[in-house]
Amino acid sequence: MSGDRTHNDSQIESGSRVNDSHKHKDKHKDKEHRHKDHKKDKEREKSKYSNSEHKDPSEKKHRDKEKLKQKDGVDRHKDKDKRKEEKIRSFDGKPKKEKENGFASPPRVKSEPNNDGFYLSPKHDKSLKRERDEDDSEFKPKKIKVENDKKVKKRKPEDEEDIKPKKKTKDKKGADGKKKVKKEPEEKWKWWEEERYTDGSKWRFLEHKGPVFAPPYEPLPSNVKFYYDGKPFKLSEKAEEVATFFAKMLDHEYTTKDIFRKNFFKDWRKEMTSEEKGKLSDLNKCDFNEMSEYFKAQSEARKQMSKDEKLKIKEENERLLQEYGFCVMDNHKERIANFRIEPPGLFRGRGDHPKMGMLKRRIRPEDIIINCSKDSKHPKPPPGTKWKEVRHDNKVTWLVSWTENIQGSIKYIMLNPSSRIKGEKDWQKYETARRLKKCVGRIRAQYREDWKSKEMRIRQRSVALYFIDKLALRAGNEKEEGETADTVGCCLLRVEHICLSPEKDGQEFVVEFDFLGKDSIRYYNKVPVEKRVFKNLQLFMENKQPEDDLFDRLNTSILNKHLQELMDGLTAKVFRTYNASITLQQQLKELTSPEENLPAKILSYNRANRAVAILCNHQRAPPKTFEKSMQNLQTKIDAKKDQLSDAKRELKSSKADAKVRRDEKSKKAVESKKKAVQRIEEQLMKLEVQATDREENKQIALGTSKLNYLDPRISVAWCKKWSIPVEKIYNKTQREKFAWAIDMADDDFEF
DNA sequence: GGCCATACTTAGCATCTCCACA
DNA sequence: TGTGGAGATGCTAAGTATGGCC
């Protein structure tokens, strides 16, 4: 098949080949533009430090115009040097070697399409008549429930149960059943058995108390001083407040970074009086240490508070939660996720974020838009203030919004994941992924066919889709230049992010990926690909510079439009959900053996979960205490081993004793020694399993996939099948979020 | 088709809480 | 009973996706 490229690639319409751009006028433009932009980028980089957030509007306009001119592709390249610098940065700030943390070639198990795979959990077998706005074959709440707003207000006492806030149940010990397990409230609202709205509205009635604002600034005591150039300097209140933000972060690596310091200083100066501005001209001469010590002492004092004092604070927090932490949405009291407005501080962008250190300003009532229903009791702004706006938009789910000043994006207050509105969406997400399961075979066949297309754009689309499917890459939406760290997803991959080897480590057609993904987490993977993909990649890279786009004819909207045609509701992200869930299901089948005991089964579950986390590249920095805690665990294991050999010795001698004496008493002694050995062996095994689990989890975060990608019904079914308490898999919060799945999935659920 | 605004999900790190153990 | 540390929770940044406008 080595000749396929020469044959097929020559058939590609020349007009659509970006690689022969030099032959075409517009492509010349393209290249010219690229160079221009590079020059501009460099200039921008130069001026960034003196004026990072106020870009010359004419420059922007010009760039926009250039972009419009550019018919064919998108030039989203930033400074090359900067990228190279970032390229070598790993998530812990150091270059990584391949496979160092086991991320190369993640284990993957794929299920091929199952065309009859229309699974209905028995509880949903019953015919459920419901008009649906989306084609979610299994998304079928049962009862029809139509309640008008007035009824909400006139709730009867018997409804009170719903209105009561969920009392925090203390789950003392969880599933072992060894200690008291306080029952969770028995009657919980099963929204999944009710009718959904079909008109695009999200609610009929919404009432809440508005947000909780950050506490006002408390000036420092007079004995805590700020020093400039070695001398005490009394700051104005505004300047002092911003200085405390920096002081609080003094021990953090952020404050050593040039960009952070520059951004901070620039924004800090804006808060200074003209006198302060004149005198405080060099951040390096500023001494925040006394302030920093003061905050450390305060935090220490908080830790040392008496029980009563702590209780008082806890009660106050509880009061706030009760007052502001719940809303009434369509007859039900629902928990709000984030009812507190983000306090002012310094922006902590991740990776090499160009805006890190900028001042995140205090949000005032005048910045706040309230969303609630017309006939609800509207939240009151704090005395003497007013809201920016009160609106009644039931097509959205948010309660409160404001625009933040760093990126100009909108922030929202929304409901908790356990709420109906979030749960329905989550359920729907998994149903879409299950629909993909039914047609993934066809889609895969199609994109494989498209690798041979005459059109470059189709080839690029199909190769990108292959990566998204095979490697669970994110889509890669375009981002505004200079506004965020240089991170990419699939459609944004650049030539410099991949390295092709016809043969490597005994494998053919190897692609080595190395780029920074979401949150500037490094994605490093070396994967053998199909020959056609390899040849296509070579083609896409022809005559391109390292900083050029790999898929210059593709973006996420083109890709998603195509996916939409293949399956209703299909977007790039659905592949991640589908592949994560199907991998979990298969790994669970593969790894669970019936004869295993409970801890071993849990280990198997965690390993299945881990396979998904590796697939999705969910990394974490190793916990600071990791080495120490592993050591502690090892000490425990060693001690247990000693204990075991002692117990075995004792057992041996009691057996010998019993042989001589042949009486009941010594027989009983043997039995009890046997039991002791057994018990210690079990304890040892548990500790060893724990150590393995922890070691394997060192740099992998399981939580993200568990919460966002794994259909909870798979886990619930697994628990039911093996009689494992669901509490072993999901903590209380997770059980609340997945209440729908826990209720509806039986042991035979198939994703 | 590109741009932009908007709405929502996904993500890792920081901080808090509470349990096991000395 | 005090405390270290694991796990839970909170926080908010950083993604994806869509729809409207030009």
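Every residue number used here counts from 1 along the chain in the order it is shown.
Any Cβ shown, glycine's included, is placed from N, Cα and C.
Cβ neighbours of A:TYR709 (active site, O-(3'-phospho-DNA)-tyrosine intermediate) (same chain, under 8 Å, six or more residues apart in sequence): A:ARG576, A:THR577, A:ALA580, A:SER581, A:VAL612, A:CYS616. According to its DSSP assignment, A:TYR709 (active site, O-(3'-phospho-DNA)-tyrosine intermediate) is coil. As annotated by TrEMBL, active site, O-(3'-phospho-DNA)-tyrosine intermediate applies to A:TYR709.
Residues or ranges marked as compositional bias 'Basic and acidic residues' in TrEMBL: A:1-10 (among others).
Among the features that TrEMBL reports, compositional bias 'Basic residues' is placed at A:22-39.
Among the features that TrEMBL reports, compositional bias 'Basic and acidic residues' is placed at A:40-101 (among others).
According to TrEMBL, the compositional bias 'Basic and acidic residues' annotation covers A:122-150 (among others).
Among the features that TrEMBL reports, compositional bias 'Basic and acidic residues' is placed at A:172-185 (among others).
A mean pLDDT of 92 is what the model gives for the domain 'DNA topoisomerase I eukaryotic-type' (A:346-723). The domain 'DNA topoisomerase I eukaryotic-type' feature in TrEMBL is assigned to A:346-723.
Positions annotated as region 'Disordered' by TrEMBL: A:1-185 (among others).
Per DSSP, the region 'Disordered' (A:641-669) is made up of 27 helix, 0 strand, 2 coil. The annotation region 'Disordered' is assigned in TrEMBL to A:641-669 (among others).
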